[in-house]
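Student: Shown below is the structure under consideration.
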Amino acid sequence: MRGRHADAYSMYKRGTRDYINAYDKEQVRSLNGVSKEIGNPSWKRSFLYILVASLASFLYGYHLGVINETLESISNDLHFNGNTMAEGSIAMNLGGGFLGSTFSGLIVDRVGFRRAFQLCALPMIIGSSMSATAKNLWGMLLGRLFVGTGMGLGPTLATLYVTEVSPAYVRGTYGSFTQIATSLGLMSSLLIGFPAKETEGWWRICFWVSAVPAALLALFMEFSPESPHWLFKKGRAADAEAAFEKLLGGPYVKGAMAELSKSERGGEAETVKLSELLFGHHRKVVFIGSTLFALQQLSGINSVFFFSSTVFKSAGVSSQSANICVGIANFLGSFAALLLMDKLGRKVLLIGSFSGMVVAMGLQAASASSLVSSSNEVYLSVGGMLLFVLAFSVGAGPVPSLLLSEMFPGRIRAKAMSVCLASHWVVNFFVGLLFLRLLEQIGPLVLNTIFATFCLVAVIFVKRNVLETKGKSLQEIEITLLPPE
């Protein structure tokens, strides 16, 4: 019995290699000749699937901000008002986020993107329901743990899927859709949360609402194509062809398959070990990715999204007005990133973004100093915070995920992204958990100065370590930036 299975497997692998070699012989003609004759594929064919995948980012943004307006009501109803550690834990839901992020690469490699998105939606539906019906702090924490698991999965899946199904000439633009979806989710949670302080129990409605887009994500993914990269890596070349035809159109299938065959070897995917990512050939790019995500969180951005109501209230500004402005600034910056990503490039946006964040945090720090009059303090504080959000959403928000999903080779892409995003969630956890406590103990001047310093470090780090990927196909990036040993 074992012999027959071995023979069958050998025939399968020989067939896959023959299939690849047939494409390899036509690579030059397909890539250089055909592409020049017929131009770029239509962006419209993949557009709807990008929107569906962006629902995961919308949910991430919604759950990122749902606590902002509702935290006071939740803490009063569940009897932990004034406990800053409990409030920080509720806001961050990072235990689940870390778990979801850590295992996202393994899940994608095993079941593919479509099923992984559906698995991402499931804990969000369960967790939202648990949060909406919570009777005490522990019930809320358990619900947020489930939601956090989906939040950990969502950004990784959305970024990788968009990267692998988008035509190269609009990949940066499509990559910005995930950030726009995040900002729309954030704005939606703020708008829906406005009645929470006046209407008893309204915060429960805010959690119930989030189950709707999660259910839509699970449903629409049933009709979306699988990533052709994942299919080809699994030895399903015919299915990869069908996916490319759905995403790009018939005339582009042969060229896309030829290019894919340069770096992927269908049916021969090896298990990627953690030691290979941390200490092997790709350790440098994994280090760059992990550091970028860590600096992204050490900039203090999520302290703005989670606790802007608390900060504005202490400055004497209406939380509703302030949060509307934060949401608008985030959306405008995300829209600017969509327009500029494929024109200026990833590296330029990152440097400009972190530089603007240094200035913005400097303004917020200055507002807390004794040199500024009380009349000007509010303008500097609020203006600095809005400028900070705007600068972040132009580059530091959308670029790292897209850039790294482009730079990682297909064989390690999913697992390498999960390792890098794990650093994001770890740093995110400690920043969110300690922000209110540090704000009380060391004050806004010192705290904002620390955040500004990390933004400056990020500018230097990007200049020295980040490579440009604008306009290149995933296979070109792998060959030119990460040549084989």
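The backbone N, Cα and C atoms fix where each Cβ goes, glycine too.
Straight out of TrEMBL:
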TRANSMEM  46-68  transmembrane segment
DOMAIN    49-470  domain 'Major facilitator superfamily (MFS) profile'
TRANSMEM  88-108  transmembrane segment
TRANSMEM  140-162  transmembrane segment
TRANSMEM  174-196  transmembrane segment
TRANSMEM  202-223  transmembrane segment
TRANSMEM  320-341  transmembrane segment
TRANSMEM  348-366  transmembrane segment
TRANSMEM  378-404  transmembrane segment
TRANSMEM  416-436  transmembrane segment
TRANSMEM  442-462  transmembrane segment
Student: Looking only at residues six or more beyond either end of the transmembrane segment (46-68), which have a C-beta under 8 A from one in the stretch?
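Tutor: Apart from its flanks, the transmembrane segment (46-68) reaches 74, 90-91, 93, 117, 120-121, 124, 147, 150-151, 153-155, 157-158, 161-162, 165-167, 174, 177-190, 192-193, 206-207, 210, 213-214, 216-217, 220-221, 224-225, 247-248, 302, 305-309, 323, 327.
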Student: Report yes or no: does the transmembrane segment (348-366) come within contact of the transmembrane segment (442-462), defined as 3 or more CB pairs under 8 Å with a sequence separation of 6 or more?
Tutor: yes
Student: Is the count of Cβ pairs under 8 Å between the transmembrane segment (320-341) and the transmembrane segment (416-436), pairs 6 or more apart in sequence, 3 or more?
Tutor: no
Student: So if I exclude everything within five residues of the ends of the transmembrane segment (378-404), which remaining residues of that chain have a CB under 8 angstroms from its CBs? That is, six or more out.
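Tutor: 155-156, 159, 162-163, 171-172, 175-176, 178-179, 182-183, 285, 288-289, 292-293, 296, 299-301, 304, 308, 311-312, 315-317, 322, 325-326, 329-334, 336-337, 340-341, 346, 349-357, 359-364, 366-368, 372, 416-417, 420-421, 458, 466, 469.
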Student: Take the transmembrane segment (442-462) and find every residue of the same chain, 6 or more past its ends, with a Cβ under 8 Å from one of its Cβ atoms.
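Tutor: Same-chain contacts beyond the ends: 291-292, 295-296, 298-300, 347, 350-351, 354-355, 357-358, 361-362, 364-365, 367-369, 396, 435.
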